[in-house]
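Lifted from Swiss-Prot, the feature list:
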type	residues	note
DOMAIN	10-201	domain 'tr-type G'
REGION	19-26	region 'G1'
BINDING	19-26, 76-80, 131-134	GTP binding site
BINDING	Thr26	Mg(2+) binding site
REGION	55-59	region 'G2'
REGION	76-79	region 'G3'
REGION	131-134	region 'G4'
Amino acid sequence: MGKSKFERNKPHVNIGTIGHVDHGKTSLTAAITKYFGEYKAYDQIDAAPEEKARGITISTAHVEYETPARHYAHVDCPGHADYVKNMITGAAQMDGAILVCSAADGPMPQTREHILLARQVGVPAIVVFLNKVDQVDDAELLELVELEVRELLSSYDFPGDDIPIIKGSALAALEDSDKKIGEDAIRELMAAVDAYIPTPERPINLPFLLPIEDVFSISGRGTVVTGRVERGIVKVGEEVEIVGIRPTTKTTVTGVEMFRKLLDQGQAGDNIGALIRGVTRDGVERGQILCKPGSVKPHKKFMAEAYILTKEEGGRHTPFFTNYRPQFYFRTTDVTGIVTLPEGTEMVMPGDNVTVSVELIVPIAMEEKLRFAIREGGRTVGAGIVASIVE
C-alpha cells in the first residue's frame, strides 16, 4: 500500500496514552493503529526516538491514524519520566488523553500522577480504556475498579461520572483472540474519543498575539516590532496593546511586512514585522507582546508545575530550596523569579516534578497553560507550565 497523502479535509486532533507502567499503553497504541492506521507493532512504538524540547531530551513515539470523522496524531512514551517531561514541556501537545488502566490492578501511583499532570497542564478531556479485562473473572470486581477510576478522576476535577470508560483487552485485539473485548472494544474506544474529546480551536480563530522578538526603527516610518504570530490575525489599522514588563500601552498597527512585502494582515504562524504608531524605539522591547486589547493581562505571581532536570540531562547537581531565584524564560525573554516550595516540601532534587509558587520581579503577559523554561545563566535547568495565576 502506497503512502497516502495527509488529508487536510478532516479535523486534526492530538492525543496520547497515559497511565501506570505496564498497564498496556503501548499495546493499546499498537492495537489502535491496527484498525485505524498503518499498523505499527509494539516494538516499533516502544523503541521511541529521543527528541529535544526546551533543552530537555524526551523519548516519545508518534503514530498517526484516522477515524471516519477525524485525523489523529497520537503520542506514547516509553517511561514514566518521559511522560512527566512531555506533559510539562508540551513537546507533544495533547488535546485529549486516553487513560489506560489495568482492570487487574486498578488505579496505581502513576495513574494518579498522570491524572494530576493532565489537570495541571490543562489536558481538556480524558477517555478511559480499562485494559486486561480478560484477567478479571468477577464482574463485581470490574465494577469496583471502574468506580475507583471515576472517583480518582473526580478528585482531580475531571467529570468522573460522565467520562466514557471502555472495557477491553489490547492484547486480544493484537492477537485476534476475542473479537468482543479486542477489535470491538478498540472500535468502541475510538468512537468515544471521536465523540468526547473536543476538536481544538484553531490558532487563527483565537485573539491576536505576537511575542516581540526584536525592535527596529525605520527612518521616516517609525518603529517596527518583529516576531512570529502565535495566534489570531492582525489587520493594518487595528488597535493593539503592548503588554508585559512595563505598564500596558495601546497603539495602532499601521503596516504589516513579511519577506519585505507589504501585507494587509498577518496571521497565526506568519513571521512578520509590524509597524506601530506613536511608539519610540525604546518604548517597546523584546519579551513584551502585541495583542488584541484586553485579551491578555500582565502578571507576576503564579503557581507552576515544573520538572527539574537531572545532572545527566545537563541540569543542576544540587537540590534547591525556598527562595531559589532562577530566570524564567517566557516566549522570548528571561525574567528573574523567586520560588516558594509547597508546605512540607523542604527541597527539590534534580529529576523531581513539583508544584511551586513563583513571583517574578517584573510582570509578564501570561495566561494559564503558558509554558516556560527555568534557566540559570542561559543554561536550562527545568521546564514548567503556568498552572494558575495568583495575581
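Just so it is clear, glycine is given a Cβ too, placed from its N, Cα and C backbone atoms.
Annotated features taken from Swiss-Prot, shown on the structure.
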residue : record              : contacts (Cβ under 8 Å, 6+ apart)
Gly19   : GTP binding site    : Lys25, Leu99, Val100, Cys101, Gln110, Thr111, His114
Asp22   : GTP binding site    : Ser102
Thr26   : Mg(2+) binding site : Thr17, Tyr42, Ile45, Asp46, Ala61, Asp76, Pro78
Cys77   : GTP binding site    : Gly16, Ala48, Ile58, Ser59, Thr60, Ala61, Tyr83, Asn86
His80   : GTP binding site    : Val21, Gln110, Glu113
Val133  : GTP binding site    : Ala103, Leu142, Lys167, Gly168, Ser169, Ile181
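For Lys25 (GTP binding site), other Cβ atoms within 10 Å of its Cβ number 27. DSSP assigns His80 (GTP binding site) to a helix. Sequence-distant contacts of the region 'G4' (131-134) (same chain, at least 6 residues past either end, Cβ-Cβ under 8 Å): 23-24, 27-28, 100-104, 142, 167-172, 178, 181. In the region 'G2' (55-59), the DSSP tally of helix, strand and coil residues is 0 helix, 4 strand, 1 coil. Here the region 'G3' (76-79) returns a mean pLDDT of 87 for the predicted model. Applying DSSP to the region 'G1' (19-26) sorts its residues as follows: 2 helix, 0 strand, 6 coil.
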